[in-house]
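> Features from TrEMBL:
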REPEAT    10-44  repeat 'PPR'
REPEAT    45-79  repeat 'PPR'
REPEAT    80-114  repeat 'PPR'
REPEAT    115-149  repeat 'PPR'
REPEAT    156-190  repeat 'PPR'
REPEAT    191-225  repeat 'PPR'
REPEAT    226-260  repeat 'PPR'
REPEAT    261-295  repeat 'PPR'
REPEAT    296-330  repeat 'PPR'
REPEAT    331-365  repeat 'PPR'
Amino acid sequence: MRHMHPSPPPVSSFNILLGCLAKNKHYDTVLSLFKRLNSIGLFPDLYTYSILINCFCKMGQVSLGFVIFGRILRSCFAPNVVTFTSLIKGLCAESRIVEAAALFTKLKAFGCEPNVITYNTLINGLCRTGHTIVALNLFKEMTNGNGEIGVVFKPNTVTYSIIIDGLCKEGFVDKAKELFLQMKYENLNPNVVTYTSLIHGFCHANDWNEAKGLLIEMVDQGVQPNVVSSNVIMNELCKNGKMDNASRLLDLMVQCDVRPNAFTYNTLMDGFCLTGKINRVKELFVSMESMGCKHDDFSYNILINGYCKNKEVEEALSLYNELPFKGIKPTVVTYNTLFHGLFEIRQAERALKLFVEMQGNDVAADTCTYRTFIDGLCVRPQVRFTYARRKGNSGNTNRG
């Protein structure tokens, strides 16, 4: 029976354990167990070393990954595509893109061919570091086999999505749309990342008709927008003052069971604040909590700014006084907004008192703080006169 059902070699069982731990991001445990290998009479194999390299790369210690790579070579193991892909990914994560590209070209010398994941890893690293055109050339080499590797690989949805996202971020939306159409021609289904990248690209290029068409197509194709894709569109709409469309998008999110988050509401509130619609900001601030979204310092800063712009400074101060009870610490933006609001209504003394309070709360003043005070105390004659007169009266009293 033992001959018919041989138990796996102990190191294989150990590798399964290490692999599971690494998958669940227990990297320190993997390293600790690896150190005990020799003491229990086990010797690492290629898979053990590859798991270890992956852990070091995920921990941002790719240099230690190369130390293990050296052990692989000294042990006369032949590194495989998984080993190289982990190292390339680690280098890309540290923005060492030149080294990553150089390592990619050495695969053939080790008798190893890259796979789609290897290509995707390097293409993603190139796009992330602003080398999208180089990434596009690598993509072409991948599909026509004209590169150093000399093998044709079929790109997948992830490959296309990475390139499309990179092109959109660098403003090449027309080229991104070409790849999008090519992708569909290859019978590859765009996913939420693909659509979101394109929609964001066309929004940024102020091509709202194209962006709207892609959003409709996305829903028609059964690709469910998520909160990230919705927030991307929301941000572009608000930046361009298209607040009616932004409001409709919020309604659409709720209808599609896409739960808005604090970023969604803050973006929309800030947009309405910029257009002077303080009542709409207040409505959203109230409805935000009813939708299960907690207010954060951004939420309060936006509404405080809206009140101050509307010269409703007492309302703004009332909100400021709520912050400790909400467990939210005011920021320098909170204080600068209130300082500006107080100077606008000629309340210099209250601004100075609040400045002392800001220091007591360990919030450091910035350039904007000092500019606001210089403008408030020195430039505005009515404020300067009132403040000087009060200070003078105070001085007379002391002399008396």
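Along the chain as shown, residues are numbered 1 onward.
Glycine too: its Cβ is placed from the backbone N, Cα and C atoms.
Burial and contacts for the listed features, if you can.
Within the model, the repeat 'PPR' (10-44) shows a mean pLDDT value of 84, rounded to a whole number.
Using a Cβ-Cβ cut-off under 8 Å and counting only residues 6 or more beyond its ends in the same chain, the repeat 'PPR' (80-114) has close neighbours at 46, 49-50, 53-54, 56-58, 60, 62, 65-66, 69, 72, 121-122, 124-126, 128-129, 131, 148-149, 151, 153.
Note on the repeat 'PPR' (115-149): DSSP counts are 26 helix, 0 strand, 9 coil.
In terms of DSSP helix, strand and coil, the repeat 'PPR' (156-190) has 26 helix, 0 strand, 9 coil.
Note on the repeat 'PPR' (191-225): residues 157, 160-161, 164-165, 167-169, 171, 173, 176-177, 180, 183, 232-233, 236-237, 240, 242, 253, 256, 258 of its chain, located 6 or more positions outside it, place their CB under 8 angstroms from a CB of the stretch.
Within the chain carrying the repeat 'PPR' (261-295), a Cβ under 8 angstroms from the stretch's Cβ atoms is held by residues 227, 230-231, 234-235, 237-239, 241, 243, 246-247, 250, 253, 302-303, 305-307, 309-310, 312, 326, 328, all 6 or more beyond its ends.
Residue counts for the repeat 'PPR' (331-365) under DSSP (helix as H, G, I; strand as E, B; rest coil) come to 26 helix, 0 strand, 9 coil.
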> Within the same chain, where does the repeat 'PPR' (115-149) have neighbours whose Cβ lies under 8 angstroms from its own Cβ atoms, ignoring anything closer than 6 residues to its ends? I mean 6 or more beyond.
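Same-chain contacts beyond the flanks: 81, 84-85, 88-89, 91-93, 95, 97, 100-101, 104-105, 107-108, 155-156, 158-159, 162-163, 165-167, 169-170, 172, 175.
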